[in-house]
Each structure stands twice: as structure tokens, then as C-alpha cells.
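Asks: Just dropping this structure here.
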Amino acid sequence: MTTIKTSNLGFPRLGRKREWKKAIESYWAKKISKEELDQTLTDLHKENLLLQKYYHLDSIPVGDFSLYDHILDTSLLFNIIPERFQGRTIDDDLLFDIARGNKDHVASALIKWFNTNYHYIVPEWDNVEPKVSRNVLLDRFKYAQSLNVNAHPVIVGPITFVKLSKGGHQTFEEKVKTLLPLYKEVFESLIDAGAEYIQVDEPILVTDDSESYENITREAYDYFEKAGVAKKLVIQTYFERAHLKFLSSLPVGGIGLDFVHDNGYNLKQIEAGDFDKSKTLYAGIIDGRNVWASDIEAKKVLIDKLLAHTNELVIQPSSSLLHVPVSLDDETLDTSVGEGLSFATEKLDELDALRRLFNQNDSVKYDKLKARYERFQNQSFKNLDYDFESVRTSRQSPFAQRIEQQQKRLNLPDLPTTTIGSFPQSREVRKYRADWKNKRITDEAYETFLKNEIARWIKIQEDIGLDVLVHGEFERNDMVEFFGEKLQGFLVTKFGWVQSYGSRAVKPPIIYGDVKWTAPLTVDETVYAQSLTDKPVKGMLTGPVTILNWSFERVDLPRKVVQDQIALAINEEVLALEAAGIKVIQVDEPALREGLPLRSEYHEQYLKDAVLSFKLATSSVRDETQIHTHMCYSQFGQIIHAIHDLDADVISIETSRSHGDLIKDFEDINYDLGIGLGVYDIHSPRIPTKEEITTAINRSLQQIDRSLFWVNPDCGLKTRKEEEVKDALTVLVNAVKAKRQE
């Protein structure tokens, strides 16, 4: 009988009810001691390990669990410490300061992890002295052993780690070579401690320019072979297809491939004989990035095909389960949709069902999952017809004409100031919202509280001297979840949390049916805020691309169709705001760049679809209505022309953590629309200085026409404390006032 093994690439850190987040934030707030934090996180790590053991995984990952980010863990492991933080003991407090900044130093850059909604802390190579300095990975491996867990260590590989880092005078190849002896030292320590194999994550090898890394990749793994450790290494790739013939030629013990998000290419390579059968194939057959239950019968067929071309097969999720919630156990969902879902724990159950079927000829669990999937598929969630053709996809007039009408209507000063949208969600705000959702207070009591909070912050903004105000979004838990709760076709879970960055957790809605706008979503709060001031108040919406990218999308319709359905719904809300007298409407697209496919052959169509959806949502307004949008920082060079094609009157972009890198993207384009490049980092509690903001403005004005430039923070201010926000915005406005006098 042919046998298979099961494994996992990583498990969610958050805990079922965000225990991880709550403990870390309590430590930051000095509500618990370091000893209490360590105990809570140790208990949670233990729970994760034993849960995976319960589902009979043959090997369980360690090194995926972290206090903030696994890339930052690797930086500290190799003493890659930002120059401004050097000279301190390498401990958890240093880790938190690098990630969040402190009163003296800015945080390291925060960038999307490939095309996911997870963010990593960018390693900085300026004036570093790499060495093995904090081998937490070894400690966690030994801890798993103490629990009698058959664990394998996980570490990001040298090619990926260096490619995702910045700074330093060495070339890419030189940095990799610098790290090789250090990786060897870590590998040897783990093997000596009993590791049967080590998972080396190299997702950079599925990207477009992976072929340019092949020489240094071969040199690196040849080095590990000469050191006697290569056969203990398993190179894991995910999120796209890999160059299998090249990977198979490397002297490692196993290769991991994604058979879900590869568009079928990896199986074709296997069937073409590109896989070296002397190695173990780690097949990512269960979707690690979406929440839908697997077609378990199709997975059985895939395993049969793979077994025909391999001698040793391990099945696993397509990527780390970091990207999905922990468990469905605490949810109370409608059966019609709930039967079609599978979170991290349920995905382990799917692996176990396939293991039992192939190894023990036990089909009980397999048959149960198969019947459940078939019941879900027999339902119809395609019920609506859409008239996409009747909605405008371009503004009535060019920007040069629109801006004249908008300026006449708004009468804004030189270098207008604004914020991105949200203000602090205090404990009181969260309590009122929770009490209202759980029917512990009346609608009237909740509405009164919201109005009081809106009025208070309108006055704060006026007192500070901002030019374009916002209502603060106190009614919203999350910028996507809020719309998921109000639009038809979405399901919002109770505990479906996933990690975005650090302790920031989001609860992505699940798109299961046709999307439709049925009633105003934001009009009441925005109109009320506008009634309190003579200054313009922005309507605040989330764009169709971001709603789709930050949701768990349905897989029974083409992505473009779902995206355009959302665009039509947002268009209805835009028009409702305009009809209510709102002069400035912001439609945020922070996730437009992150959804860009990893392979350039798919870029043009993705960007074309994204631009069309945004314009479908925003083009029906009159010329005098000003459309804003916002995007989070990433490598914008690839999409700068698409950003221009959105034809938004004003775009604000998160830039401060890039330390000026993003400004370079504007050197090759004459950006002739309104733009605000964020002048301070909202992810850090640190208050910027007037000089820092002035420097950021001056740097931006080297590339941006002053008449088009806006001044704003990097992003929404929801996660900051009230006093931090007031102090930082006061500094911002004072810097702008001084600049206007020049």
C-alpha cells in the first residue's frame, strides 16, 4: 500500500480569540510583566503545537510562532540590527522597538509579504556585523521536543531574506555569501539537537526574476552540501509556480510546491519528469490562503497523480496557515454557508482525512467531508443580474477642468492638510460598539454616543487647524469588515481574525454570494459631521479592489466579476453621499498593489481590471465633487502609471517608513494630479518633530508640483492614542503653516 505523510508550513499566532494580541498589547501598556507575557505566549505556543499533533501531522513546524514577525526574528538571529538601534541587548524589547519605533528612533519599514495582507519588518543592512546572536529557533525546537512533538524548524532562506532587505554597500550576492556560514551554524545546531529536517522558506524563487537568482541560489545550497547539512534541508516555495527543474537540481532533501495558486503549472512540470524522485515532494494541496473547504475528491485525484511521479510524498497546505483564522468551532454560522468553510484547524482535518484514506484505507472522515462539500456546491449563490454597461467609467471632464471647479467650491489653502480617515478607537468606543452589537444598549444610546464622539473630534480637528476633516469612523471596527456587514453577499464571522502586522488583527469578511448595495452605508454619520463645521468633511469609503483583496473571495465566479459587483455597490454609496451634499469623497484602495500577481505576465490584466473597477465606483460624480483615494506603501514603481490612470483628484500614499525611497518612483512620471505623500509614521507611538515633517515636505516637493501637493499622515489613526494623535497633528499643521510663509 502506498503511504503518504502530512505536514504543515505554519500555524496562526493570534489564538482563537486573539490571546496573542491581547497579551502583547497588555505588555506594551505595562499592564502585565515580561514574565506574564512570556507565560501567556508559551501557553499559546504549546496549544498550537498540541493541536497540530492531535491531527496526526507527521511533522509540525516551529519557528512560525513569533512575538511580532518571523522576518524580524531572522534579522535578530543574525544580528542584522538597524544602525539606530545598535548597542543594545538583543531581546524582546529591542525587537518591539525596531518594529514600532520609540521616542528616539523611527521604526523599520513595514512591507507586504508578497501578494498577501501580511506585513513584514524590512531588514536593514547599514553598518551591520552579521553573526549568530539570538537563536530563539533552537530554543523553540527544544521546547517542542519537551512536549514530545515531532517538530521541524522553519526559517526564511538566505535568498529570500536578503532579497527582502534593504541598505548596506554590499551587493545582493555578497550579502548572501556573508550569511551562509551563519545559516550553516544555525542548521548544525538544529541538526545536533535532533531535527530530522529543516524547512527553508524561499518564496522569492516563484517570482518573475527568480532566474536571476539561480546562480547564487546554487552557490548557496552547494555550500550547504559541502558543509554536510543540505540533505536535511527542504526548500519550500509557495504563492505561485516554481522552476522545478532548477530546484530539483539543488542538493537538498526535499522540495515544497504550491499546487493551489500555481495555475496548474507545477503539476505539468511534475508530469513532464522535472522532479528528481530521489527527493521528497512536499505538495501544497490544501489552500492556505482562503477559507473554503477543499474539494476533497479532487485532492484525492491530485495525490494519485503525484504518487505516480514520486517515491516519497508529503501533503501539506499550499502556504503557512498564518493567512486564515484558527477555527470554526466558536462560530455560529448559517449551515448553507458554514458547510463550505474551512479555517486552519479544519484544513488540518482535511489533511488527516486524506492521510487516513491512503494509509489506512479509512474513508469515514473522507466520505463525511466529501458529502459536506457536495451539499454546499449544490446550492446556488448566483441570483442577480448586473448592468455594468450603463455606469460611467470616466469622469465628465479632464482633471485640469475639474480642479478649477473643486477649488472654487472648496477654497482650500496652499498645501492643504487632512488625515486619512480614522481616529483612535478608544476602549470606550470599542465597548459601546460591542454592547450595541450584543444588544446590551439601544440603537438610540449607541447613535447618541457616536454623534458625541464625532462632534468632539470635529472640534479637535478645527482647533488643530486641519483643512479637510473626517468624521472619524467610530462606527467601524475595520474598513472592510464594516462594508461586509452592510452589503448583500458578504458573511462576517465572530472570531475569524487573521494577523495583518504585529498585533494588528483584521477580520476579513467572506464573499459567498452576489454583492449588492441595498441602503446607504455611511451617509448619516458623514452628513452629521458636515453639519457641525463649515470646513469640508470627507465621505470615507473602501474601494472595490481593496474590499476584494481584504476579503476571503468566492471561487465560483471570476475575480473580475466579483470586483465589478463591489464597484457598482460602492458607486451607489458615492452617489448617495454626493446627493447628501458631501463635497469630498475618499475611496480608499490601500490593497491595490498587494494584489498584484507575482508573475508579470498577469500584471497588465490585473491592473486593467483594478483601474476599471475603481473608475466604475467613482466616475459618476459631478466635476465639482473631489474624489480622493489612499494607498499603503509598497514598491509602486511597477504600478505608478496605473495609479495615474485611476484619475483620482487626490491620492494619499503611505511613505514615511520608506525613508524617501518612494519619492524615486515619481522621478520617471509627470504626476499631474493631486497627491499627498505621508509625512509621518502612524504605526509608531513616536511624535514627529516639526523639522522631520518639514524635511518630508521639502523632499516631496522636489518631485511634486506644490499646487498639487497635500500634507497628511501616512495612514489612518485608529490604532494610536488620542494624545499621540493630537500632538502629532499639531506638529504637522504648525510645520505646514511655517512652510506657507516661505
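Using the three backbone atoms N, Cα and C, a Cβ is placed for every residue, glycine included.
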Asks: In Swiss-Prot, Arg18, Glu19, Trp20, Lys21, Lys112, Glu594 are given as binding 5-methyltetrahydropteroyltri-L-glutamate, so which of Trp517, Trp550 is in that site too?
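Replies: When Swiss-Prot describes the 5-methyltetrahydropteroyltri-L-glutamate site, the candidate it includes is Trp550.
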Asks: Among Glu374, Glu473, Glu475, Glu481, which is the one Swiss-Prot gives for the L-methionine site where Ile420, Gly421, Ser422, Asp588 also bind?
Replies: Glu473
Asks: Can you pick which of Glu654, Glu722, Glu723, Glu724 Swiss-Prot lists for the same Zn(2+) site as His630, Cys632, Cys715?
Replies: Glu654
Asks: Nearest to Lys112 (5-methyltetrahydropteroyltri-L-glutamate binding site) by Cα distance: which of the binding-site residues Ile420, Gly421, Asp588 is it?
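Replies: In terms of Cα distance, Lys112 (5-methyltetrahydropteroyltri-L-glutamate binding site) lies closest to Asp588.
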Asks: For the recorded positions Lys21, His683, which one has its C-beta crowded by the most other C-beta atoms within 10 angstroms?
Replies: His683
Asks: List, in sequence order, those binding-site residues among Arg18, Glu19, Glu594, Glu654, Cys715 whose Cα sits within 10 Å of the Cα of Gly421 (L-methionine binding site).
Replies: Cys715
Asks: Sort the binding-site residues Glu19, Trp20, Trp550, Asp588 by C-alpha distance from His630 (Zn(2+) binding site) and give me just the closest.
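Replies: Considering only the listed binding-site residues, the nearest one is Asp588.
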Asks: Cα within 10 Å of Cys715 (Zn(2+) binding site): which of the binding-site residues Glu19, Lys21, Ser422, Trp550 qualify?
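Replies: Passing the 10 Å Cα cut: Ser422.
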Asks: Cα distance, Glu594 (5-methyltetrahydropteroyltri-L-glutamate binding site) to His683 (active site, proton donor), nearest Å?
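Replies: Just about 18 Å between their Cα atoms.
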